[in-house]
Amino acid sequence: MLEAEQLGATLGGRAVLQAVHLRARPGEITAIVGPNGSGKTTLLRRLTGDLAGAGVVRLEGVSLTTLSARALARRRAVLPQSVSVGFPFTLREVVAMGHASGNAAHLPGVVEAALEEVGLADKIDGFFHDMSGGEQARGHLARVRAQVWAPVYEGRPAWLFVDEPVAALDIGHQLQVMAVLRRFADAGGGVIAVMHDLNLTAMHAEQMVLMEAGKISAAGSPAEVMTAPLLSRAYRCQLCMNTAPKDGVWLLPQVATML
Amino acid sequence: MAAHRLPVPVVGGALGVLLGAATVASLSLGASGLLPWEPLWREISPTERAILFDIRLPRLLLGALVGAGLAVSGALMQGLFRNPLADPGLVGVGAGAGLGAVIAIVLGGALPAALRAATGIYLVPIFAFAGGWAATLILYRVASARGQTSIATMLLAGIVLGALAGAVTGLLIFAADDAQLRDLTFWGLGSLAGANWPKLAAAAPILILGLLSTPLLARGLDAMALGEPVARHMGVPVERVKRGAILAVAAMTGASVAVSGGIGFLGIVVPHILRLAIGPGHRLLLPLSALFGAALLVAADTAARLLVAPAELPIGILMALIGAPVFLWILLARRAHLEI
């Protein structure tokens, strides 16, 4: 269980996050959604411990600030929006860095298996900087997966924090990435994902957290959050909701008009 | 496309052979021809003994240690800056050490006689160490806030610090007399000509300590190639790695500048060639940089002694002649497909 209480953050004297309470369960994908500038990434950075500020974040009852960097690296991995690699490392070497720092460092074959999972096994010995933007994004996903390769470590769930993991990807690879997150959650790990694509979110997340101006304005299942009034107010445009077969909730932005 | 790299044992072996050959050449070639193993099977004259053990051997060891120290300092600095063009010379550490040495040469005469007598030949080395450390400390104070070091601020502060040290050095040279000027010019061009056992004894412990500390930094520097936040996510104690790397660089650069003046470009050329050959992973890059740097400087120093014999070319000039074009080559190659 991830618990965050009274989280706050200020950037340049301006409060960008105010009194945020959040609970996320392992075994689920928790998606943070909201308009640009609503504080999604700031919330994620408070949850990972990258950003200092008011409030406390606990993983399984243990405050983040009491864990050493090494211990924390075995319990959670973080995928930022973009990462540049400073030297000509190969894909294998980049993924191996995650593996060596994580909770399955002693296991052989993890680098290969993580790359298999994101469909990059054939690029393993190529230079990282020679790959396309989408391939690099998946390469970094393989790196963080290799870091928390065991979704449950020493009896406690491991966590994946991902910031817009599908932003650079086509629809096929978007589904592939969401499947990677799904399998991790199904195996007992916890996933916190900042998402822009509401349809994709509704299809895959158990919990949706809607951010508005540095606060959580709604949280719950996709069916509870994906309502026309809530989303129309948050995104400041008129939205209509349709339901697809199998209880999925779909948003159809092509019929939207700006408010 | 698969990355093309050379097998590490082959590269390591080749560098070992290169260092061996440079060692033999350095000990046997010169005004007096004497093979290093000759003492094993014939009686050698006292003059030959002095040439071998008091002139060539300390010079060989100092060259090897300074070469290793400068090459590893370059590799560390580049890892810290995530940029293959970073070098201790670039962040003012070399300039600070140089200023210290110039202060000792020009103003040393004004020191109390007792202090001068106590420090003796260590006066210049001590001041150079102090200058290198001071530059590093100022740099760290300017570039770090709330326990975080900004690499961009450090780079800019280093450039300014280098300019300031250069300006003060210029003022001192302006004030120097003719004899001091001759000393300064020779020292500033970079040379191992003054190598002797006391100089080696002064510099060796610092250089060896710096070299031995680097394996502790390798994993952290690899991770920092993905940026400091990502390295932190992977459990790397980033601040500790940065502090360690900065201290190791200051120590090795200060010691090198003190005993050999400014020998540039070794710290850029060696790690760059090795990254092309074996990849950028620091666990191998750092020790092989030490090996390559030692071999290259010993070879270049031997060439510097022989090219214009019986005079000798300051080795700093030779290294700059080789190094500057390589630097430009890296710059042009990077401009083609990467931001600098």
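Every residue gets a Cβ built from N, Cα and C, even glycine.
Among the features that TrEMBL reports, transmembrane segment is placed at B:12-37 (among others).
Annotation source TrEMBL lists transmembrane segment at B:57-77 (among others).
Positions annotated as transmembrane segment by TrEMBL: B:89-115 (among others).
The list of residues near the transmembrane segment (B:121-140) in space but at least 6 beyond its ends in sequence, with Cβ under 8 angstroms from a Cβ of it, reads 91-101, 103-105, 108, 111, 149, 154, 157-158, 161, 165, 187, 198-199, 202-203, 206, 243, 246-247, 249-251, 253-255, 257-259. Taken from TrEMBL, the feature transmembrane segment covers B:121-140 (among others).
Marked as transmembrane segment by TrEMBL: B:152-176 (among others). Away from its own ends, the transmembrane segment (B:152-176) comes close to residues 81, 86, 89-96, 98-99, 102-103, 105-107, 131, 135, 138-140, 142-143, 184 of its chain (Cβ-Cβ under 8 Å, at least six residues beyond either end).
For B:196-218 (among others), the entry in TrEMBL reads transmembrane segment.
The annotation transmembrane segment is assigned in TrEMBL to B:244-274 (among others).
Among the features that TrEMBL reports, transmembrane segment is placed at B:286-308 (among others).
What TrEMBL lists as transmembrane segment is B:315-332 (among others).
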Top Cβ-contact partner of the transmembrane segment (B:57-77) among B:89-115, B:196-218, B:244-274, B:286-308 (pairs under 8 Å): B:244-274
